[in-house]
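Q: So Swiss-Prot lists the following for this protein:
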type	residues	note
BINDING	Ile21, Arg22, Gly63, Lys66, Thr67, Thr68, Glu129, Asp130, Tyr131, Arg172, Tyr182, Arg219	ATP binding site
BINDING	Thr67	Mg(2+) binding site
BINDING	Arg311, Arg316	DNA binding site
REGION	1-182	region 'Large ATPase domain (RuvB-L)'
REGION	183-253	region 'Small ATPAse domain (RuvB-S)'
REGION	256-333	region 'Head domain (RuvB-H)'
Amino acid sequence: MEERMVSAEAQTEEAAVEQGIRPHSFEQYIGQEKVKQNLKVFIEAAKMREEALDHVLLYGPPGLGKTTLSTIIANELGVQMRTTSGPAIERPGDLAAILTALEPGDVLFIDEIHRLNRMVEEVLYPAMEDYCIDIVIGKGPTARSVRLDLPPFTLVGATTRAGMLSSPLRDRFGVMARLEYYNVEELTTIIERTATIFDTELERDASIEIARRSRGTPRIANRLLRRVRDFAQVSGDMRISSSRAIESLERLQVDRLGLDHIDHKLIKGIMTKFNGGPVGLETISATIGEETDTIEEVYEPYLLQIGFLQRTPRGRVVTPLAYEHFNMEVPNK
């Protein structure tokens, strides 16, 4: 699968860039107002009681700021944050080493927490509930279990697939917050903030053009801004205009709704070869040369979200909205 300009997943070279533009406080964090206001209250209450904040689960689509929020939680609490991920914790001993190194009140951030294996998860239960872990020392008949007390800490888990979390793990989170897609106004503000950090001048209309194509996702917005800035810089533009932004985005093959060439290929393929559907997933896969899992998990969600595609018992169907976007007539069936 090729790397896409409009993918919400973090790309290899983006970690350092994202670190440099990441907000560090709730005041700097744009959007997610309900989540933000609730977290402010929970954090303030925990500080007033001099207790560790309840464990927090942040879930929702990729690229919406779950890692950033976890950093802000630690900053607002005035504690250190230890970062890891579900796939990185392979054995119970790995988790035990992380937990025993925590200081009182610290935040442990586990990204992709749905990918923890079951044995590791079982070590996490008493750690979350009672701030202790049981470890086995020795082997065979001489093996014995030793209980280690842990300092009070806050686990912040992040996942794009909350449904894959086991019930025992999910039930141990005192705070659960779903992050939603951003609107154009919020994304415009984010783009303007990032442009200021990059020392890049751009017109308000240019920010709006980039925001419209960002699929409601800050990560995509910031990526598109960086690429538009490249085009402007090489062209000698001191200030990014709306026309420069539009021209650059067209060269990147990102249309006014954030659809790229793969989206066009998929939708137009169903329109022209199958009269708009219904058509089966396997057939689409053969037509565009992509795996069925990739189509279902990567390409289709946004097309479903904007109402361009429907899943029916008989297969995929392109909607009249999609025909309108591509200036094509809806076929008579």
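The backbone N, Cα and C atoms fix where each Cβ goes, glycine too.
Here the structure is a predicted model, which means the values were calculated and not measured.
For the listed features, I'd like the structural context: burial, neighbours, distances.
A: Residues within less than 8 Å, Cβ to Cβ, of Gly63 (ATP binding site) and separated from it by at least 6 positions along the same chain comprise Ala8, Glu9, Ala10, Thr217, Pro218, Arg219, Ile220.
Residue density at Thr67 (ATP binding site): 20 other Cβ atoms are found within 10 A of its Cβ, drawing on all protein chains shown.
Long-range neighbours of Arg311 (DNA binding site) (same chain, six or more residues apart, CB within less than 8 Å of its CB): Glu300, Leu304.
Per-residue pLDDT, averaged over the region 'Large ATPase domain (RuvB-L)' (1-182), rounds to 90.
In the region 'Head domain (RuvB-H)' (256-333), the DSSP tally of helix, strand and coil residues is 42 helix, 9 strand, 27 coil.
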Q: How big is the ATP site in terms of the longest C-alpha to C-alpha distance among Ile21, Arg22, Gly63, Lys66, Thr67, Thr68, Glu129, Asp130, Tyr131, Arg172, Tyr182, Arg219, in angstrom?
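A: About 37 Å separates the two most distant Cα atoms.
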Q: From the Cα of Arg316 (DNA binding site) across to the Cα of Ile21 (ATP binding site), what is the distance in angstrom?
A: 39
